[in-house]
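**Student:** Below are the features I grabbed from Swiss-Prot:
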{"type": "BINDING", "residues": "Ala78, Gly79, Phe80, Asp81, Lys82, Thr102, Asn157, Asn190, Lys228, Thr256, Gly286, Gly315, Tyr336, Thr337", "note": "FMN binding site"}
{"type": "BINDING", "residues": "Lys82, Asn127, Arg128, Met129, Gly130, Phe131, Asn190, Asn195, Asn257, Thr258", "note": "substrate binding site"}
{"type": "ACT_SITE", "residues": "Ser193", "note": "active site, nucleophile"}
Amino acid sequence: MDIYKFAVRPLLFDLVKADPEWLHQQTMRSLSWLSHTSDRTSTKWVQNILQKSLCIEDSRLEQNLFGLRFPNPVGLAAGFDKDGVAARIWSSLGFGFAELGTVTFVAQPGNPPPRLFRLPLDQAALNRMGFNNHGAAVMATRLADEKGLFSIPIGINLGKSKVTPLEAAAEDYLNSFRLLKELGDYFVVNVSSPNTPGLRSLQDASMLSSILDVLQKENQSHKPIFVKIAPDLEWEAIADIIGLAKTYQLAGIIATNTTIRRDGLKTQVIEQTGKAPQEEAGGISGAPVRDRSTEIIRFIWQQTQGEIPIIGVGGIFTPEDAWAKITAGASLIQVYTGWIYQGPMMVSQILTGLLAKLEEHELNSISEAIGLEFKS
């Protein structure tokens, strides 16, 4: 029996009605403690228990992409470990990679609370966090102390500081990249969060090109750089970004961030505010984004004949959800909201399910499943 799903989650969500952000903060405190006391005998014992319970090791799940070895294709999406305080623990929870951030050059508190809401009827979350983080310099100091101690690839998601005007966005991203470029295995240009005023306008080809240009000129170490896009973009805008990915030799595209659309939601009223989701600002993640993000993955694969790697994220709860994104063209996938709802067993359940899918389709490795929809 999945204790989290049938006992812990109902207790926290329904009986205690714990505030989602408070619950996240307590979780991060615990994970941070485990991460930073990993040399203690007691902590090693806990990590061994976690690894035996949550980690799946199988060579069929391994991939080598953009110079990095991924032990499995399931990663932690940005937004959970904003400041990299638990970077060393994610491998013990079964993840094949983890993306830290979003981090900005200037430390910022984010938007005023309440700013994180569960929509259980929709298996979704609504957030308007606003890139709350301690800043790139603090993250750099923390990661420098732990350099070489990570057993999985660690990505860093970069955002624009709220105080920085849009016309100075390129320099803002560059300043963060300069501090962190030797400390992350890959980097993500986040221009798709709906919670920083004007940020999504940076997805425009002319604005985005100025950011990518300065980053790649600084990128002497040839670190893989991705751009993360919104699910609300029109096909023409996505095609423009694909063109930029080719021009600036990006490692790939992450599809997708949260949506600002509210159609089709079952939730009528958000309990914390007494308002309908349509009246609340922020982006929605989870199941409502699932189909659209997969459509965009499919579009990118078709437009590029699979030449640009895709990290698929949005509404992944089950092995079937993961398989759909991989066969549509995603080389890797990321989870966040699904992990909150399904609990820590979810990663191992997805990986076990993916192995079953490989056997069902008589495939030797997960890489053979990428874009399987389009292979005869």
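Glycine residues also receive a Cβ, built from the backbone N, Cα and C atoms like all the rest.
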**Student:** What count of other C-beta atoms do you get within 10 angstroms of the C-beta of Asn257 (substrate binding site), across all chains shown?
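**Tutor:** Excluding its own Cβ, the number within 10 Å is 28.
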**Student:** Using C-alpha atoms only, work out the spacing between Lys82 (FMN binding site) and Asn257 (substrate binding site) and round it to an integer in Å.
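**Tutor:** Just about 15 Å between their Cα atoms.
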**Student:** How many angstrom lie between the most widely spaced Cα atoms of the FMN binders Ala78, Gly79, Phe80, Asp81, Lys82, Thr102, Asn157, Asn190, Lys228, Thr256, Gly286, Gly315, Tyr336, Thr337?
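**Tutor:** Those residues reach a largest Cα separation of 20 Å.
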**Student:** Round to a whole number and give the Cα-to-Cα distance in Å for the pair Tyr336 (FMN binding site) and Asn257 (substrate binding site).
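**Tutor:** Counting only the Cα atoms, the answer is 11 Å.
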**Student:** What whole-number Å value do you get for the CA-CA distance of Lys228 (FMN binding site) and Asn190 (substrate binding site)?
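**Tutor:** Their Cα atoms are separated by 5 Å.
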**Student:** Near Arg128 (substrate binding site), which of the recorded positions Ala78, Phe80, Asn157, Ser193, Gly286 can be found within 10 Å, Cα to Cα?
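**Tutor:** Checking each Cα against Arg128 (substrate binding site), the hits are Ser193.
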**Student:** To the nearest whole angstrom, what is the C-alpha distance linking Asn257 (substrate binding site) and Phe80 (FMN binding site)?
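**Tutor:** Counting only the Cα atoms, the answer is 13 Å.
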**Student:** Nearest to Asn157 (FMN binding site) by Cα distance: which of the recorded positions Gly130, Asn190, Ser193 is it?
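**Tutor:** Its closest listed neighbour, by Cα, is Asn190.
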**Student:** Taking Gly130, Gly286 as the binding-site residues to compare, which has the smallest set of other Cβ atoms within 10 Å?
**Tutor:** Gly130
**Student:** In angstrom units, rounded to an integer, how far apart are the Cα atoms of Phe80 (FMN binding site) and the residue listed as 'active site, nucleophile'?
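**Tutor:** Computed Cα spacing between Phe80 (FMN binding site) and the residue listed as 'active site, nucleophile' is 14 Å.
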**Student:** Could you say whether, by DSSP, Ser193 (active site, nucleophile) belongs to a helix, a strand or a coil region?
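**Tutor:** Ser193 (active site, nucleophile) sits in coil per DSSP, no helix or strand.
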**Student:** For a quick check of packing: other C-beta atoms within 10 Å of the C-beta of Tyr336 (FMN binding site), how many?
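**Tutor:** There are 21 such Cβ atoms around Tyr336 (FMN binding site).
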**Student:** To the nearest whole angstrom, state the Cα distance for the pair Gly130 (substrate binding site) and Ser193 (active site, nucleophile).
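**Tutor:** Roughly 8 Å, rounded to the nearest whole number.
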**Student:** Measuring Cα to Cα, tell me the gap between Asn190 (substrate binding site) and Ala78 (FMN binding site) in whole angstrom.
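**Tutor:** Cα-Cα distance, Asn190 (substrate binding site) to Ala78 (FMN binding site): 10 Å.
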